[in-house]
Every structure is written in C-alpha cells, then in structure tokens.
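Asks: One structure is given below, represented as structure tokens, and several questions about it will come after.
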C-alpha cells in the first residue's frame, strides 16, 4: 500500500475517498497525529489518484465531492469528527521552526512600524559593505524584514503552508537547512541588482515551492507536495514581476535564486528515490 497524503480535516478526507470510489479506486483512511492518512491499495492507480488529488486540493469544497459522499452513503458516517479553531489549525499544520519564524517576522514588522524601516534595517539588512560581512546574522536576517501588510501576509501564508508540511514530514533540521541556504543565496543574488535595500521571506518561500513541488513529483512517498496548478501560478507570478505588470517593487533576483536553490536541493535529496523508480 502507498500513503497518498495526510489531511487534518476528516470530512474533506472522507469526501475525497468517496469521490475516488465513484471512479473505482479504493482508498483507506487511517488516523494520524496530524489528522488522517489516506492510503492506496493498488499502486498502479497512484498516478490517477495524484492527478485527482491535485484537483481536489485546488477546490476541496466543490459540490461534486459532496455529491460523491451522498452517493456512497457516508454523509452521516460515525467517524469521530473534531472541530478545530483557527489557532488549533494553524498550530497543527506547523512545527516549532515554522511558528517561530512567523512570530519573529510579525515582531520585526511591528518594530518597523514603531521605529521606522531604516532603524531596523541598520541592524538586520543584508551587509552594506565588507565591514559588515562578519555580522553573520545579516546573511539570513534580511529575510525577516517586511515593508507592508500585504507583503508579510503573502509570505507568511506560503511559509506556513509549505514550511509547515515540510517540517512535519521531513523534520525541523531539514527546514532549517533549506531556510538558511536559500536566505543566503537569494539575498546574495538580489544584492547584485539592488544593493542591500531589500528584505522579505519570498526568496525562502520560492525555495520551498521548488523543493516541495519537485520532491512531490520525484518522491511522493515522502508525504509533501505542491499541486502543479499552484506551482504554475507561482512561476507566472515570478515572470510577471519582471514586466512590472502590477506596479509593485518585487525582488525578482531573490525569487529566481530561491527557486533554483530549492529545486537543486530537492533534486539532490530525491536522487535515490528517482533511481529506484527507474
């Protein structure tokens, strides 16, 4: 059997299982510390299940899934559903590093609102010159700077979604390494074009996108994935940044550098899995 995914919401998991049953695919639900696991009995059906799962994750509340539950007769099942508050959901889908970085980014953002951007950047921004190179925290701390509410909300949403599942499934140390490496290289890449006047977690976020997506493609048994539709949207967003379509100040070099780092790290980490499949 193959584990397909872990879902925190039992109702959604049951809806997907019922929907796949209408396609003559047998899936099994098992309890998990983070919610429930969905397992597939017939490995030959894995590609079809993954394709349908991508569509499901993009629109899990689509009426066709509820209709499948009615058809299967599981709408009033005796499964022990549990209601979660938003805070419980936030915590259940993230590990200590994911949550700590979120708190740190929010605290720094509030500090920047109180003291001004430059006061905080003077301590945390990418090194301005060689005299600051030995202030090694600067090679990473620039990623925690955000300059607008939309900026920080967008980055933290992706950080929680991608970093949370990576930390839960692969461990805190793996997320820590990717965060540090991508922060350093994305910061270096952006500094070549804009000097030290930049900040934000987006370089790390794009590294996570690349890592989670490619790992899901090459080693789905590791339990992390990013639907191809979301990955395509992220790449289109990256390309749009170069054409200044939205009139926003976007750290394009940091995005590209982060994405490349994430893809390279995922390729390296999954080389044995890909070799086994071949």
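Cβ coordinates come from backbone N, Cα and C, glycine included.
These figures come from a predicted structure and were not determined experimentally.
This is the feature table in Swiss-Prot:
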type	residues	note
TRANSMEM	94-114	transmembrane segment
TRANSMEM	143-163	transmembrane segment
TRANSMEM	175-195	transmembrane segment
TRANSMEM	196-216	transmembrane segment
ACT_SITE	202	active site, nucleophile
TRANSMEM	224-241	transmembrane segment
TRANSMEM	245-267	transmembrane segment
ACT_SITE	255	active site
Asks: Take the C-alpha atoms of the residue listed as 'active site, nucleophile' and residue 255 (active site) and report the distance between them in angstrom, rounded.
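Replies: It is 6 Å, counting Cα to Cα.
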Asks: Are there residues at least six beyond either end of the transmembrane segment (196-216) with Cβ under 8 Å to its Cβ atoms? List them, or say none.
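Replies: Those are 101, 105, 121, 124-128, 142-147, 151, 154-156, 158-159, 162-163, 165-166, 178-179, 181-183, 185-187, 189-190, 222, 224-226, 228, 231, 234, 238, 251, 254-263, 265-267, 269-270, in sequence order.
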Asks: Validating a neighbour-count step here. Other CB atoms within 10 A of the CB of the residue listed as 'active site': how many?
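Replies: Other Cβ atoms found within 10 Å: 27.
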Asks: Which number gives the other C-beta atoms within 10 angstroms of the C-beta of the residue listed as 'active site, nucleophile', all protein chains shown included?
Replies: 26
Asks: In the three-state scheme derived from DSSP, which category covers the residue listed as 'active site'?
Replies: helix
